[in-house]
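To start, the structure itself, in structure tokens.
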């Protein structure tokens, strides 16, 4: 009785007439137990079986069965047969890069068309393209926040807002007057009147002393007339200017004469008025500050 071996199924269907000579040869009957073993036929069967495995592996397409890649059945394959690998995309070999765009929907492109992934622009470029769409309010807030930084820089322009400080030119252009607040010459001065008269006296003496020192310096320069650096150093070494201000009661008058009449500014009348009203007002008992409810009251002594 002729025995028929079952052919092992492969991924692809093998034509029927290709291996019929292997299974349906006249000598393919079962040998009797008493007959000697046929080594030549066994070797031929092993060779054909190996060739059949090679043909089956060549017909096997790994790309169609990627789910079973790396299984334990790979150990059964012949080591001499070269394996075919799927090409690795350049994006995987190049390391971390821009994120890949999602694939387009099925209805947008053709059935067999491979979607091409265009490289996305860097994040800085994307932010730069969206910057013009920001509202004007954010730009205004950014400018306001940048003002303290620009003010801290040494090269930043100074503020043009008017300040309460007086420049030296403004101080020299005023006429000086002592306070007229005391009602009579024997009345004691208040601290405010005393401070005001002190500033006026110092300003008058300073004006006259500066004028005398300037005139003395002009005379010394005209007498020596230096022409070189050595002459200037010699003049500086011997220069000694002593200023004596002895105007007496005409101190304020002589000081006011030194002021240019084109830029003269009278003393603020409000200052004198405040001093006069403070001297004429009767002394009032100062009021104690209001106490809070949580502060304990001091016991009466």
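Cβ atoms are placed via backbone N, Cα and C, with glycine included.
Residues or ranges marked as compositional bias 'Low complexity' in Swiss-Prot: 113-124, 269-281. The region 'Disordered' feature in Swiss-Prot is assigned to 1-171, 269-301. Taken from Swiss-Prot, the feature region 'Interaction with gE' applies to 174-267. Look at Swiss-Prot and you will find 163-166 tagged as motif 'Nuclear localization signal'. Sequence annotations record features per position, and here Swiss-Prot assigns motif 'Nuclear export signal' to 232-244 based on similarity to another entry.
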Within-chain partners of the motif 'Nuclear export signal' (232-244) [C-beta distance under 8 Å, separation at least 6 from its ends]: 209, 212-213, 216-217, 220-221, 224, 226
Per-state residue totals over the region 'Interaction with gE' (174-267) - DSSP helix, strand, coil: 57 helix, 2 strand, 35 coil
